[in-house]
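For B:6-35, B:56-76, B:96-125, B:137-164, B:170-195, B:216-237, B:243-259, B:279-298, B:318-346, B:398-423, the entry in TrEMBL reads transmembrane segment. Marked as domain 'TRAP C4-dicarboxylate transport system permease DctM subunit' by TrEMBL: B:8-416.
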Amino acid sequence: ADYKSEYKVSTVVPAPFPWGLAADKWIELVRERSDGRINMKAYPGTQLVAGEQTKEFTAVRKGAIDMSVSSTINWSPQIPEMNIFALPFLIPDYKAMDALTSGPVGEEIFEIVRSKGVEPLAWAENGFRELTNSKREVRSPADLEGMKIRVVGSPLFNDTFTAFGANPAQMSWADAKPALTTGAVDGQENPLTIFTIAKMHLVGQMYVTTWGYVADPLIFAVSHRVWKDFTPEDQEILRQSAIDAGAYGIEIARKGLTEGDDSLYKELESLGVTVTHLTDEERQKFVEASRDVYEKWTEIIGQDLVKKAEDSVANR
Amino acid sequence: MSAHVILLGSFFLILISGAPISVALGLSGVIAIFFGLDMDAVANMSTITYASIAKYPLIAIPLFILTGMIFERSGVAERLVELSRAIVGPRRGGLALVAILVCLIMGGMSGSGPADAAAVATVMIPSMMKEGYPRAFSASIIAASASTAILIPPSIALIVYSIMVPGVDLRALFAAGLFPGLLAGLAVAVPALIISRRNGYGSDSGASRPPLGRSFVRALPGLFAPVIILGGLRSGLFTPTEAAAVAVSYGLIVGLFLHRSMSMRDIYNVLAESAQISAVVMIIISLAGIFAFAGSILGTFDAAAGHILSISDSPMVVLILVMFVVLLAGMVLDGVSIYLIALPLLMPIMATLGWNQVWFGVLMAMNVAIGQFTPPVAVNLMVTAKIANVPIEATMRWVFWPIFAMILSVGLVIAFPSIALWLPTVLGYKV
Amino acid sequence: MEQETAADTEDSPQEKYPFRIEEAIGALAMGLICLISILNVVVRYATNVSFAFTEEYSVFLLVIVTFVGAGLAYSNKGHICITFVVNRFGRNGRALLNTISFLASVSLFVMLVYYGSDLAIDEYLFEETSPALGYPTWIYTMWLPLLSLAVLFRIFQVQWNDLRKKR
Ligand code: NA
Ligand code: NA
């Protein structure tokens, strides 16, 4: 079949966020490698579904969106297994994250996505999600008591934050910034690259707690509606470009947040933000508070998959 | 034919056929998506229609519409009229001034013009007739001053603006609207007084002056409403949506217990009517989502923004041009539609030229306010002319002066942005 | 010219229009939105109980108010329209424009019925759940096509009445 003159790629945030940069890289590589035969354009803000990011997967599946670089969280309303990455404190570090995405868990997730009419190509990364708020330093669940926290995507987040004693409110990213600005919510959780680039200290988010309670991998995907029209050679170009763009995206998503390079934390502190790194005992309090949620959602996600994930993490 | 032409052309054709503006927006969007993209993209319309209104911050709109209607029904207007008469006293043009004052105070409870206009016109026009004001004159003055309801907080127009423009603080917008709103009120009052004096409308004897103290006490529950709305926001106690919920509760308490002017039956009616009025606004927001989707995905808005920016290097020239176009649009379109059509293409211009978002939001709201009493489509004038029982055409000769004066006041806010930005800055909001 | 229904506030509208089921549903939904919003404030400031989940209900009720009211507004001629162009035309021109306007409304809401059902059925088949409460989303979405159908009914009713009056 004829190729479209332009393929629409949905993302939530644009460049210079690592997420948007990864999407742009993919688009650039595909254009180069296909000698300009395949043209893609990024549509950030999930504007292709009027900002309703939890409706993105359905739109991709039905072909209303051709391609996407998507958070697993935003696809969880249609694919419950996606909640695996949001199980509180399942993933302790970057090594564990890599063990999941490049291991049997990643494979099984891709198989499920494929069975629902969408071709997954590669992983990228939004990052570990950290807690920020405008009220006070948070070191224990007691500090979170009664705080209204904006969350995304899935009732799992509601359960987790309710277990911590907070008051979670689900809304899209488009609605989140005004809500933080007006004080409709007190805090939010997102990777710190999102925090710095969106300048969230300017809307009063002056307290950051690094607890790495969940990770947020991204998936490069193409709707089967258009995937089947590409020649095998071009499918390979799309896939390999996604893998390369994903590696690039993961590198920038982790920049300044590793043991060797903690420049992003320094940058935050220079903005006057209080950055709180939890000690192991402090972190353990949150782990205990969310234990029941972990069990409940293990049932929903499927015990086999969770077991596979726990094994991958243990053997990383 | 390009998709841009299809989008705008079908919008105007459907619009002038007399179909609801919401339908014109939605259907032209669908047609343009079909020709510019494909049927798969059209299938997205149901998601967009739903998602465009399934947003929590929008809850403030029906709540503030309901607040306005409750205060309108609970007899607040009569008491405010009495108080204003006590303050102004019997003099030439006195009742015109009273009507304007009451409109301004009612504007502090209601988020849209027509309800404000209806409440004040019902109370004022009969007594203004008795004192020799021509009906068409009274209808014009009340329609014009009621338009300040979308400037003086709360304001439906500014809520829509804050939702469309990411990161702008609704509380800052509300605060920024107050002084331009009062300035607009003054812009109606000055010509109204001059015309009344010249033509000898209103008597300087005759009607007795109500006692100030007693009128003040009677008006107190009503006067308290704007204080709760603004004060609650100021103290950081309430978000705008919560302030709306508190204002609704307060209105019910005033109507049911303090004034004892409302029955349970009235409450049902107020709920039913506010539901329909909210729906008329919300269906525009919903279906305009399809139009906005088409305009941004087909690149129509980018192209239009590029054209506007290429006209002149001077930000002031571009601003005046934009203001002029919004003013013209206000003659035929309602405020919500103007925001939804114009903002996607104005936002990049705002960013390029470095305009302050709060200031620009208030300037747009001032133009939309003028549009509310500028024929041929003038929501406020429709209401007051009907109550005064005069044809719209009869108001033409009177309504010109407040239109002219309000355009001057827009010029003042352009020249002195601090008229808008001083208050939110002092209150500590991000502007 | 038809404009916002505030125009009718000086005479009692409850006697003017026949009772319509949409009116009662709209009033109920509106009342519930108020109640939830007020409770939200009370609960947030008086207790530490989590209440933000109610936002999912409020937003759904807002959709109900919108579509129920949109149908009513056809019956009550309450939609914001531009009619001064129509009024400048003669009989034939007016009839033509009226037909365009009628067909525009009908085709838009027919498409909403079609694509809305498509969406709701899809969500049912794929067992999509809501982001906040985890309910099946089709229980919310199905009201989009159903209420669009109700709007269509009102559009046809108004057109039928107008045609009958002309004869
Ligand atoms: Na107001
Ligand atoms: Na107008």
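Note that Cβ sites are derived from N, Cα and C of the backbone, with glycine treated the same way.
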Selected stretch (most C-beta pairs under 8 A with the transmembrane segment (B:170-195)) from B:6-35, B:137-164, B:216-237, B:243-259, B:318-346: B:137-164
Contact set, same chain, for the transmembrane segment (B:216-237): CB under 8 Å, 6 or more residues outside the stretch: 67, 71, 76, 79-80, 82-83, 86, 105, 108-109, 152-154, 171, 174-175, 178, 243, 246-247, 250-251, 254, 258-259, 427
Selection from B:6-35, B:56-76, B:96-125, B:137-164, B:279-298, the stretch that has most Cβ pairs under 8 A to the transmembrane segment (B:318-346): B:279-298
Top partner of the transmembrane segment (B:243-259) among B:6-35, B:56-76, B:96-125, B:137-164 - counted as Cβ pairs under 8 Å: B:56-76
Folded-back contacts onto the transmembrane segment (B:137-164), same chain, C-beta under 8 angstroms, at least six residues removed: 55, 57-58, 60-61, 64-65, 67-68, 96, 99-100, 103-104, 106-117, 120-121, 124-125, 128-129, 170, 173-175, 177-178, 180-182, 184-185, 188-189, 192, 195, 201, 226, 229-230, 233, 240, 243-244, 247, 281, 285, 335-336, 339-340, 343-344, 347, 361-362, 364-366, 368-370, 372-373, 378, 380-381, 383-385, 387-388, 390, 395, 398-399, 402-403, 406
Distal contacts, the transmembrane segment (B:398-423) - CB-CB under 8 A, six or more residues away: 134, 136-137, 140-141, 143-145, 147, 175-180, 183-184, 186-188, 190-192, 195, 319-320, 323, 327, 356, 358-359, 362-363, 366-367, 369-370, 373-375, 381, 431
Rounded mean pLDDT for the residues that make up the domain 'TRAP C4-dicarboxylate transport system permease DctM subunit' (B:8-416): 90
